[in-house]
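Engineer: Okay, handing you the structure first.
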Amino acid sequence: MAVQRAASPRRPPAPLWPRLLLPLLLLLLPAPSEGLGHSAELAFAVEPSDDVAVPGQPIVLDCRVEGTPPVRITWRKNGVELPESTHSTLLANGSLMIRHFRLEPGGSPSDEGDYECVAQNRFGLVVSRKARIQAATMSDFHVHPQATVGEEGGVARFQCQIHGLPKPLITWEKNRVPIDTDNERYTLLPKGVLQITGLRAEDGGIFHCVASNIASIRISHGARLTVSGSGSGAYKEPAILVGPENLTLTVHQTAVLECVATGNPRPIVSWSRLDGRPIGVEGIQVLGTGNLIISDVTVQHSGVYVCAANRPGTRVRRTAQGRLVVQAPAEFVQHPQSISRPAGTTAMFTCQAQGEPPPHVTWLKNGQVLGPGGHVRLKNNNSTLTISGIGPEDEAIYQCVAENSAGSSQASARLTVLWAEGLPGPPRNVRAVSVSSTEVRVSWSEPLANTKEIIGYVLHIRKAADPPELEYQEAVSKSTFQHLVSDLEPSTAYSFYIKAYTPRGASSASVPTLASTLGEAPAPPPLSVRVLGSSSLQLLWEPWPRLAQHEGGFKLFYRPASKTSFTGPILLPGTVSSYNLSQLDPTAVYEVKLLAYNQHGDGNATVRFVSLRGASERTALSPPCDCRKEEAANQTSTTGIVIGIHIGVTCIIFCVLFLLFGQRGRVLLCKDVENQLSPPQGPRSQRDPGILALNGARRGQRGQLGRDEKRVDMKELEQLFPPASAAGQPDPRPTQDPAAPAPCEETQLSVLPLQGCGLMEGKTTEAKTTEATAPCAGLAAAPPPPDGGPGLLSEGQASRPAAARVTQPAHSEQ
């Protein structure tokens, strides 16, 4: 739907000199320094890491800090500072020792949790990454090995599953004796799987799974392996008994993708990636008869792996697949850098981290989470921290913490605020008063002290509902204590505060003040009208959802142009963008009005006229186009198709010859019509007063007419849109020779312009000649209108209807 977007009334541009003065004020400030003794920055040399502790045993959490002494080190557990006690001891190097690790069920004190090392000196405070400390445990087996029967020469598989911290080491016993791991027919997988290939009678026995870690040792139930007689002579289709599982690992771990295949003859097992990329050879090995082992996995190893079992010498194959996801803990691509800035200026820190999944970035100020608000802004997924109008309270150590499901990392930087002596205080008595719907006047008093060196003021402006990063500034002369802020939005609350600037720096900010602009009625909405049928119209416009916020919407009126009163108002919400009118008089010309309203009243209306005679789908007052060319093209195309289907090739040739002999007469006639339309040489004539009568009063006279009482000159409408009843009346115009070629048809027009304009006015001689020949020649062949209206124009009648052919008149306001 090609409807133009509603444009708010144009505001006068804001004065240029405040924008030019602001950079001049900033140039007079002292140049910033990029660092003050970075060698003395407070930072961690060693941070605590995740660990598993044995209940009742001691554990040490490492932490070493570098920085300007004295440095105070404390520890937090789950975000709460640990008090000094005999249960835990702070070592001289900053590490924490827990003497007897506790794991008490049922809500009793436990030492499990997330630990952080906190270091502080006179410049600020930093917090280490979180280290998760868990107790070593061992559960019972939740999957025991099952009894298995295998054929001699075949494959047997046992599996057990158990949870524990740290991850248990799985070994196997046969008849209570550890199996021989040097036997190449026995394959032990780390996830608790035992595979035996090439089964023999001596492989039979009872197998146990043994799990062990620092917490405990567990032995599973026994499972018997029975080896039956050889069935090697029988053919068996290849089959995959066990395929690869979906795995999620962290970088540098080992991936084990299992694939156990059977068949006779023994199938060949191969591996590939579903995406077609090569698996590679570095760190890759095949364990047993088909298990894929990837050592030291990286993010690039992520993907879907396909195990295929092929019968030798044939294309018979079976496949199974599993997905490997490799995660990478967060690490920094760009660390924040320590900076120093003059008071009143802007400080910016940048911190970029990468990982898989992408890490989330959080900022800390002296160990406390820092969120956006006030003069603090976070952009680019929190990777950029901006602090505007810095003051002494902003001097601190800022940390960037990047964290994902695979791990976390932190980096810190220090902000030093250069505060010169003799800076002025904040401006006083700041007031903001609404002047109009787009202007607010802000006034203030100069600071109490140190005013002699003031070189200007900077006014900070933003919508009260907007985030701080959308704030903008305007500079004001030092001798001015008020400023008119223009180009604002109606019915909108704004926040204002001011700073005084000297060559040494800026003052602190004044107390913010709020003011709302006055409201106004909305602008006229753009309106398009489409003829859907002989008695229906479709009205199209752009929705304005904001009207609903101001108790507003749209009002729709319509009437036959011959009537005095309108039907309406039809009230529509601001979110609606179309409306259909039906059961209309197919012989009438309709006037349609659409206006927007809010709590401040009704806006100006957009008016459209449209005729339903000879109804076909048309667009009223559509964007500029050469309608005569379009109609001629459509008629030529349609005629060609109908003739080609119903008459045949012979009739096509006949019609072409007929058109060739008739074209010359039509061109000559249209040239005569165009000469009648062309204005005389010399000064341009005034617009036809009859056309102006159709459009109502001029701009200066609009206020004298009632909005709903204005009527259209019906004599003019009858000439432009003759009623259907006129078909039976004698035509007072000169008769047209039936043998003469038909000029442009009057009833082809369905659009009435709202402002006077001449068809040929302002056109070059070449353009006139072009429009007077080919387009008109095409229209001359148009059939008479079905409603019985006049179908032909004489040369003397072409002047006024031709002026009504313009399809893009200038918009008028009701």
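Even glycines carry a Cβ here, placed using N, Cα and C.
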Engineer: From the list Cys63, Cys209, which cysteine is recorded by Swiss-Prot as disulfide-linked to Cys117?
Structural biologist: Cys63
Engineer: Which range is it, out of 656-708, 762-814, that shows up in Swiss-Prot as region 'Disordered'?
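Structural biologist: Going through 656-708, 762-814 one by one, Swiss-Prot flags 762-814 as region 'Disordered'.
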Engineer: Can you look up which of Cys259, Cys400 is joined to Cys351 by a disulfide in Swiss-Prot?
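Structural biologist: Candidates were Cys259, Cys400; Swiss-Prot matches Cys351 with Cys400.
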Engineer: What are the non-local neighbours of Cys307 (disulfide bond), defined as same-chain residues 6+ apart in sequence with CB under 8 A from its CB?
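Structural biologist: In sequence order, Ile240, Gly243, Pro244, Leu257, Cys259, Ala261, Val269, Ser270, Trp271, Gly290, Leu292, Thr319, Ala320, Gln321, Gly322 meet the Cβ cut-off.
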Engineer: Test of understanding: applying the rule of at least three C-beta pairs under 8 Å (pairs 6 or more apart in sequence), is the domain 'Fibronectin type-III 2' (523-618) touching the domain 'Ig-like C2-type 1' (36-139)?
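Structural biologist: They do not touch: fewer than three Cβ pairs between the two stretches lie under 8 Å.
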Engineer: Just to confirm: which same-chain residues, 6+ apart in sequence, have a Cβ under 8 Å from the Cβ of Asn93 (N-linked glycosylation site)?
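Structural biologist: Long-range Cβ contacts: Cys63, Arg64.
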Engineer: With Cys351 (disulfide bond) as the reference Cα, tell me which of the recorded positions Cys117, Cys160, Asn246, Asn381, Asn580 is the closest one.
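Structural biologist: For Cys351 (disulfide bond), the spatially nearest of the recorded positions is Asn381.
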Engineer: Nearest by CA distance to Asn381 (N-linked glycosylation site): which of the recorded positions is it, out of Cys117, Cys209, Asn246, Asn580?
Structural biologist: Cys117
Engineer: Roughly how many angstrom lie between the C-alpha atoms of Asn246 (N-linked glycosylation site) and Cys160 (disulfide bond)?
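Structural biologist: Distance between the two Cα atoms comes out at 18 Å.
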Engineer: Measuring Cα to Cα, how far is Cys160 (disulfide bond) from Cys117 (disulfide bond) in Å?
Structural biologist: 40
